[in-house]
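Trainee: In case it helps, TrEMBL gives these features for our protein:
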type	residues	note
TRANSMEM	35-59	transmembrane segment
TRANSMEM	90-106	transmembrane segment
DOMAIN	131-265	domain 'Fatty acid hydroxylase'
TRANSMEM	188-207	transmembrane segment
Amino acid sequence: MLPYQTLEEAAASLGRNLTLAETLWFKYSARKSDYILYCHNTLFLLVFYTITPLPYVIMELIRSKKIEKFKLQPNVKNSLADMLDCYKKVIYSFLTAVVPLQILSYPTVKMIGIRTNLPLPSSSEIFWQLLVYFVIEDYANYWLHRMLHQKWGYEKIHRVHHEYTAPIVFAAPYAHWAEIIILGFASFLGPLLVPGHMITFWLWFILRQMEAVETHSGYDFPWSPLKFIPFYGGAVFHDYHHFVGGKSQSNFASVFTYCDYIYGTDKGYRYMKEFGKTKEKLKQK
């Protein structure tokens, strides 16, 4: 909750007029506790998990020939019933694992200093913090995910996520409750080490959710702006991990490709890509 009763008090405290964004933030958050603002994150996760996959769901149902050529595993077809079944299972996990985890983690959020007050962070501050969060999460996720592919971790926990050998958008967070907690730590590690504003915190989890949906979409569009991000793996990178299945010892990183390259866990994927390029050249001849 902001320590100001009026906009004038806030402006006097900052020694300047509030920006438009700060005015809107004041009007929205001034009478809300920090706990209520933190719980918004749970709502955002649910909303964006529901909305972001919808274009891919429509494409999967229409199966247009123009779109079909971009599907990574075109022989796999998913009905609306299949996708809704996955969605319902994820919502159940969300309510029984994610929501309690979000509630119980609030004292940690307060302790590390994620703030809700004014001034708001600049756009450049938000950008660099989000970039740091992505890098930290990607590195931590690589090792935790790799650990889950060890015999015990896979058989007891991670095999649930690999029920989909051809990923679908709603399967991005489809996992055993223990995996949600384990990999959730990787997502929380960035804000833990580099705490920022609550708005940055919200944006981080929203963007990470949207990225996970794209990674599990099963489609690889050459015009995607995400392809301009250095070392970005995307759907084609993670799809290979699912396609290989439980015995996969490749493509563990969640967002970027450099960890798998450095630690030598992308050799099968790189061979597959080179083999595909060779086949295309032979076809052209």
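Note: Cβ is positioned from N, Cα and C throughout, glycine not excepted.
Quick caveat, the model's predicted, so the values are computed rather than measured.
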Trainee: Which residue counts does DSSP give the domain 'Fatty acid hydroxylase' (131-265) for helix, strand and coil?
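Mentor: Split into helix, strand and coil, the domain 'Fatty acid hydroxylase' (131-265) gives 88 helix, 4 strand, 43 coil.
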Trainee: What average pLDDT is reported by the model for the domain 'Fatty acid hydroxylase' (131-265)?
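Mentor: Mean per-residue confidence for the domain 'Fatty acid hydroxylase' (131-265): 93 out of 100.
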